[in-house]
Amino acid sequence: MIERGKFRSLTLINWNGFFARTFDLDELVTTLSGGNGAGKSTTMAAFVTALIPDLTLLHFRNTTEAGATSGSRDKGLHGKLKAGVCYSMLDTINSRHQRVVVGVRLQQVAGRDRKVDIKPFAIQGLPMSVQPTQLVTETLNERQARVLSLAELKDKLDEMEGVQFKQFNSITDYHSLMFDLGIIARRLRSASDRSKFYRLIEASLYGGISSAITRSLRDYLLPENSGVRKAFQDMEAALRENRLTLEAIRVTQSDRDLFKHLISEATDYVAADYMRHANERRVHLDQALAFRRELYTSRKQLAAEQYKHVDMARELGEHNGAEGSLEADYQAASDHLNLVQTALRQQEKIERYEADLEELQIRLEEQNEVVAEAAEMQDENEARAEAAELEVDELKSQLADDQQALDVQQTRAIQYNQAISALARAKELCHLPDLTPESAAEWLDTFQAKEQEATEKLLSLEQKMSVAQTAHSQFEQAYQLVAAINGPLARSEAWDVARELLRDGVNQRHLAEQVQPLRMRLSELEQRLREQQEAERLLAEFCKRQGKNFDIDELEALHQELEARIASLSESVSSASEQRMALRQEQEQLQSRIQHLMRRAPVWLAAQNSLNQLSEQCGEEFTSSQEVTEYLQQLLEREREAIVERDEVGARKNAVDEEIERLSQPGGAEDQRLNALAERFGGVLLSEIYDDVSLEDAPYFSALYGPSRHAIVVPDLSQIAEQLEGLTDCPEDLYLIEGDPQSFDDSVFSVDELEKAVVVKIADRQWRYSRFPSLPIFGRAARENRIESLHAEREVLSERFATLSFDVQKTQRLHQAFSRFIGSHLSVAFEDDPEAEIRRLNGRRVELERALATHENDNQQQRLQFEQAKEGVSALNRLLPRLNLLADETLADRVDEIQERLDEAQEAARFVQQYGNQLAKLEPVVSVLQSDPEQFEQLKEDYAWSQQMQRDARQQAFALAEVVERRAHFSYSDSAEMLSGNSDLNEKLRQRLEQAEAERTRAREALRSHAAQLSQYSQVLASLKSSYDTKKELLNDLQRELQDIGVRADSGAEERARQRRDELHAQLSNNRSRRNQLEKALTFCEAEMENLTRKLRKLERDYHEMREQVVTAKAGWCAVMRMVKDNGVERRLHRRELAYLSADELRSMSDKALGALRLAIADNEHLRDVLRLSEDPKRPERKIQFFVAVYQHLRERIRQDIIRTDDPVEAIEQMEIELSRLTEELTSREQKLAISSRSVANIIRKTIQREQNRIRMLNQGLQSVSFGQVNSVRLNVNVRETHATLLDVLSEQQEQHQDLFNSNRLTFSEALAKLYQRLNPQIDMGQRTPQTIGEELLDYRNYLEMEVEVNRGSDGWLRAESGALSTGEAIGTGMSILVMVVQSWEDEARRLRGKDISPCRLLFLDEAARLDARSIATLFELCERLQMQLIIAAPENISPEKGTTYKLVRKVFQNTEHVHVVGLRGFAPQLPETLPGTQTEDTPSEAS
């Protein structure tokens, strides 16, 4: 039988009234008696302080202060102490007979807050002979002693062999030691546990039914179901781990995304700016060099332009000087051409007028003849008209008196008479008396012939007259011609002068015929002269251009020399062109190759970066694609091996997890079906009965029961026989044992215990030998021990699994990286460095550019020489054909000579032109000038006579014709005879009148017509004369004007003048064109010089600015490079692929990254400030500072517990691996979190049943307790209705609420709380969260309602309330409940410490006088039966015959207050013994 631990004594050092007092405590009841202020409460306060040294709980109040909250500032402890060091120590001996002294050192703290400093300590291994007061006091003399400080106490104990001194910094450690050594009944892990313990002590101290205890009986009596709690805790822990894992995944993802985002954007932001500055620095250097080259080139160009400007200005001056003379010559030539054209027009007019005059003269002569003939005819017609008029008048007068009306006969008679009259007239006129009408026709022919002859004679005379008249006119005309040519002269001199003029005209005509040959000869000579002058000008210009004077004889040799030079230069230019083409072709090929390499360089650089990363990750150097593929095969093999090992570790880990899960089942049931069967059969699992077996006994009981250790203990086997029929859902071997689950023991077997084994005699003929298992799992302690070892193993396996998973992930990522590299970069990674090739090609390109520049200069010079030689040859080609002209020195004299001859010929031509017609007219008639015509008058008379004869012959012929016409009238003789004489006469007169009127009409008509014709002829003659005179005057004027012009107007004059003018115009135009070209070229040259000057100034300014910028940038760049190298970020920032992007692209890249960074670090004030500072474009080093700050920030964010690197870039990869591991871990854990609501309900219900049974067992111990009218005390335990409904729903209707338990957003606790709220909507949950409510619902104690009931008198069982009980009954009832609580605590704590320790049991009772003797006796009996120590305080001795009684009296001696203590043991069975440290009542001891 294990002895219960006891408190041996209480020691007070330097308390108020107690300097060094030790109270030996009785094994049952210790009574402190004394009056008011004797020190009873102080003694109990010292005990409680040593037991619970928590200033937040201690509150020592008087009974009169009950309910007061502010009666004492120090809660009663400060005033119970003396100044200086104070101690309160408890001397105990536990079940193992170990002496343990625990206590506290107290000391008042100076100040108005009246604080107390408490230091708990413990002493082990102290010999029994050493008293506690000897430890903490030092005797100075017989009456004086000194209290040792805690440090002195420690030093003192250190000197004692085997004694251990422990000082505690926390109350939890202090209580943990007291629990382990069996001083207190419960492990006080927290302030809540200490509060419960203190409230228990306080309730026992002041007595009665404590409301604090009553309200929380569940917490005091119902132990925490560690199995259920642990299961739920494991589940919740797993859920929390899931949440933590999810949070870790989220954080890792966030960190990874943050790292990726920050590194990516910061790298883009800074690297783009870094590379842009690097590119700009290179560009600025190139620009500075280009500016310098362009500056030198521009200076050379300016000097060349200045020389060119001087040459062109000089040439322009020469052309300006020549232009004036050329303009004057051109104006003179134009004027001369105009004069020639005017003279030619005058000459053409003169010739046209002369031709017109000749034609007019001919027409005038003809018209004179026509007018003369018309005048003669007019005279004849006038005469005939007069005769006819006379005849009519005469006939009219004769017929004035005749009849006016005649008949036909009269008419015929008249016609006859007229015919006779006509015949008579014909006879008269023809002098033919014998003329008859019949012979009239013959005579008519005769007289017509005579008329014809007369007419011919007239015509002959007329011709003669005309000839004579012509001869007369020819003389006059010839005379006029001579006078016109020679001027006025005598008619007698006309013949001599005419001959002289004709002879001179022949000579002049001969000279005039030489005008055209002479003119052509002169034109030819003048052309040659002009060519000679042009040749001289060309020669002078050639010499000027060549800068040397050449003789004519040297030109041919110079021409040959220039031809040879042209040939050589042409070959050079041709070869230079080919060479330039080859150089340019090579340059284009180089440029194309460079462009191709520049396009390929970023790809190659990316491949190299990837290859370098692979090399860094695997620690290998690769030089060929074959090595990469071989290493990839090695990676595959390594990955396969790592996966195999990981799977093995994972399988073992899963097995451990399954075993842990199996061992963690409530009641030790490894098979869940056993719990259901036990509940079905109304039994209890054997493992649950032995659940509290110790770890040392576990192997024995495991071997004892063997395979039946998983049996079900049932009250009666016969009652379950029927239930076994048809049972299928059970293990293969189901063991059933009959027995009482509440009082089951191992007496069912006959057992012989051997060494580490047992022999179980199952029957007479069946034994079972079972060895003690090396790893027992029978009992909670064994299972927990096994679970603990499995957890340790699982930790090792988990760490190994995590390491292997990490390695596998790393290998897989490395394999993926190699695969990506092979797919993307393998084809280019091992090619030659394109940048090195670009540098080589750039060097070659520079050489080619230099060669091209040199070649261009040489070619330009050769072209210039070639052009000069070509110009020289061209000039010589124009000069060489004119060398004979240049050598002809007499050409100008011959031109003058021919010009004189031409002038003479032109004078003769002008004479011939002026008088040639007169001479031509004079030459045929010059002979008429020898004599004047004399018979012109005789011819006129003969012509008049002949004209009269012709007129007479015409009249005769007319008369005969009339007779012939009237021959028919001669037959009207009878009509004439019939008429009287008057009638015949009238008839005849009428006939004659008619004839006369007809003749008169004919004469008038002829006269009118001839008069009109004569008038017309006269008008034509007058107009001809007028026109002739006018043109004659105009001709004279034109000849005078032609003479006034003074220009030869020959046929070639205009052509020569025009040719001369055109030549001069061409020269002038050429001169002007050249001058304009020179002016434009000069203007352009000046503008070019001005542009070059401005360009030079700008280039000098730009060059100096660029040079200053380069120098400044170099200093800043050096600082940037120093900062980059010092911080080791050059590899991150010097991204060579960015060197191939333009500045705009890099700036855009940097700006985009800047915008992303502003959003990414908006919550980080430090990085935000650094980023804001880095935006200054003039301070590029601040961007490096920002990049370093980002890296430093990321390094600080790296979780060193999971990431083994300081490099954020490498941390990203490890984060990826960690994410994969966490995801796998989360997946595996989620698969193990399946817990059903039915299981939860069964566990809670079974736990409730077990605890109800335990409470019933506790009630059995209280049935015999009675106080006053209270006959019995019991605890009533019921399940709350709302919670019972919850359990029913969880067990039977969980399918209706799977929306809660299957939700990924809710934990099981939260789902349980939601279900409780759903089932009980009327209950107000307050401000508590679903998680808090759910955790409460997972605790079975919250399902129970507990209340204390008493069987009092005739009232029967009723709720124990202070108002319904007397004071003594209430104190007794409360004490009974407290004893039950302590016993419950001991049962709960038994599994937490060894079974060989039974803890101390001690309660307090102040003011015990309120109990009667029977109640006191009941307490004594209860203490004896429960082996409980009790300290009672009472004013008087209530039961001195039992236990130990101390009499306390407070006295004052010499201003010193002390308590006089007298101890007395119970005297009922034997005489009291004097206790150590006390005296008998007769000899009281005093302490000072």
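For all residues, glycine too, the Cβ spot is worked out from N, Cα and C.
Remember, it's a predicted structure, so these values are computed and weren't measured experimentally.
Copied over from Swiss-Prot, here are the features:
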BINDING   GLY34, GLY35, ASN36, GLY37, ALA38, GLY39, LYS40, SER41  ATP binding site
COILED    326-413  coiled coil
COILED    444-472  coiled coil
COILED    509-602  coiled coil
REGION    666-783  region 'Flexible hinge'
COILED    835-923  coiled coil
COILED    977-1116  coiled coil
COILED    1209-1265  coiled coil
List of residues, in chain order, with Cβ under 8 A from that of ALA38 (ATP binding site) and at least 6 apart:
LEU1448, VAL1449, ARG1450, VAL1459
Tell me which of the binding-site residues GLY34, GLY35, GLY37, GLY39 sits in the most Cβ-dense spot, judged by other Cβ atoms within 10 Å.
GLY39
Cβ within 8 Å of the ATP site's Cβ centroid: which residues qualify beyond GLY34, GLY35, ASN36, GLY37, ALA38, GLY39, LYS40, SER41?
THR42, LEU1448, ARG1450
Between the stretches 326-413, 835-923, 977-1116, which wins on the count of C-beta pairs under 8 angstroms to the coiled coil (509-602)?
835-923
Under 8 Å by Cβ from LYS40 (ATP binding site), same chain, sequence gap 6 or more:
LEU32, SER33, GLY34, ASP1406, ALA1433, LEU1448
State which of the following binding-site residues has the fewest other Cβ atoms within 10 Å around its Cβ: ASN36, SER41.
ASN36
For the coiled coil (509-602), provide the mean pLDDT of the predicted model.
82
Residue counts (helix, strand, coil, in that order) that DSSP gives for the region 'Flexible hinge' (666-783):
42 helix, 26 strand, 50 coil
DSSP three-state call for LYS40 (ATP binding site): helix, strand or coil?
helix
